[in-house]
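Let me begin by presenting the structure, written as structure tokens, before commenting on it.
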Amino acid sequence: MNFADFDLDDRLLEALREVHFNRPTPIQQQAIPALMAGEDVLAGAATGTGKTAAFVLPVLQHIIDNPQGYSPNPRALLLAPTRELALQIRQVVKSLSRHLDLRSVAITGGLAQDKQRALLTQPYQILIATPGRLLNLVEQDEIDLSELELVMIDEADRMLDMGQGPDVYALLDAIPDSFQAGLFSATLSGSGIERFAQRMLDDPTIIQVDAANHDSDQVQQLLYFADDREHKQTLLRTLLQDASCEKALVFCNKKSRAIELNDCLNAEGLASQVLHGDFIQAARLERVKRFSEHPKQVLVATDVAARGLDIANITHVINFDVPLRGDIYIHRIGRTGRAQQMGIAITLAEGHEFKDIARIEYHLNKRLNITTMPGLEARLSLNKPTRAKKKPHKKKLAKKLAKQPAKKSSKRR
């Protein structure tokens with residue numbers, strides 16, 4: 001299948017060729033025709049699958065097919081949980097609309113509102129925003145959402161994790177019910193995503209695309225056992241010093257542990273910096289820029305701090321702490337092995353973390369490949385941990401759920 005098969009405007013096809021988008025990815029193959037047909041879409045797709053272009057192209061084609069006269073209000077809203085992701089989406093919009101007479105604006109937290117208000121003084125068709133900042137400007141009557149025709153939400157699960165659900169619902173109250181919607185999330189499970197879908201979508205087309213990175217030849221997934229934390233640090237240092245490790249993202253579960261580990265790596269002469277949720281936006285951006293632009297860099301991060309990061313050429317993702325859930329594991333390793341490049345995802349596990357490994361393997365429905373490092377083998381048993389088992393519903397909960405009436409999936413109230 002080629003992009004020309006979607007009946008896209010020639011100017012979009014030319015832009016796709018210029019940015020070297022040669023063939024549509026699985027999520028693009030399914031989402032683009034559904035959205036271009038005017039359907040609402042609920043899509044499960046992780047980072048690195050090409051999901052941004054999967055909703056940006058239909059939005060651009062809709063604006064081309066439905067020209068309108070002058071209006072100061074946006075026609076399409078693209079929501080993202082973080083400033084970094086919003087700016088990345090805007091970059092995709094700019095790249096793919098390079099031959100169109102079209103203007104897009106990004107409104108996010110972390111920048112002065114006065115500067116962002118100035119961006120709204122000229123007509124624009126596409127608004128890319130984070131929920132909190134957009135809601136502030138809507139409540140101040142700086143932005144009018146009454147003419148929106150399309151609403152696309154990216155990384156909806158991350159929005160819920162970050163507590164942005166109430167802001168999104170408040171924004172939906174300011175939008176007419178007749179909009180077309182797309183909801184994209186790494187996972188479609190969970191009551192939060194179901195509520196989002198029920199509120200936004202009308203008889204949606206449901207698309208589930210396996211994460212390109214969690215069961216792919218592009219990402220080699222390895223599991224090392226460690227006897228204790230000191231053994232873990234020795235394994236990590238050896239991995240980071242390997243010539244193949246050009247750019248490594250190292251995950252810790254807690255801020256204090258990330259700070260401590262970063263200090264240890266710096267003391268050992270490694271070019272490492274830490275990223276956690278307490279940094280102000282300017283400091284955060286500076287660290288991300290340094291990590292992105294310089295070779296042989298290490299970034300030690302927490303999951304909260306890494307939300308929305310989309311950095312090219314990460315060769316290694318290393319779980320110094322085993323993630324507590326399978327979906328977190330997928331989000332972490334999804335930051336390597338992108339754009340047809342190979343990536344390595346390594347997990348370091350002590351004995352007390354075996355239960356977390358089992359939980360991840362259950363989520364993946366596969367075993368992680370156990371490996372050892374010569375001279376640094378763990379003394380503990382290398383038997384693979386037992387897979388986690390789902391707990392059955394308790395009787396009272398099951399009866400309660402059985403009595404609840406089925407909810408109608410509709411955004412129209």
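Backbone N, Cα and C define each Cβ position, glycine as well.
All TrEMBL annotations are machine predictions without curation.
Here TrEMBL flags 386-413 as compositional bias 'Basic residues'. The domain 'DEAD-box RNA helicase Q' feature in TrEMBL is assigned to 1-29. What TrEMBL records for 218-381 is domain 'Helicase C-terminal'. Under the heading region 'Disordered', TrEMBL lists 383-413. Residues or ranges marked as motif 'Q motif' by TrEMBL: 1-29.
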Same-chain residues at least 6 beyond the ends of the motif 'Q motif' (1-29) whose Cβ lies under 8 Å from its Cβ atoms: 36, 43, 45, 49-51, 53-54, 57, 60-61, 64, 95-100, 207, 209, 212
Composition by DSSP (helix, strand, coil) of residues within the domain 'DEAD-box RNA helicase Q' (1-29): 17 helix, 0 strand, 12 coil
PLDDT averaged over the residues of the domain 'DEAD-box RNA helicase Q' (1-29): 92
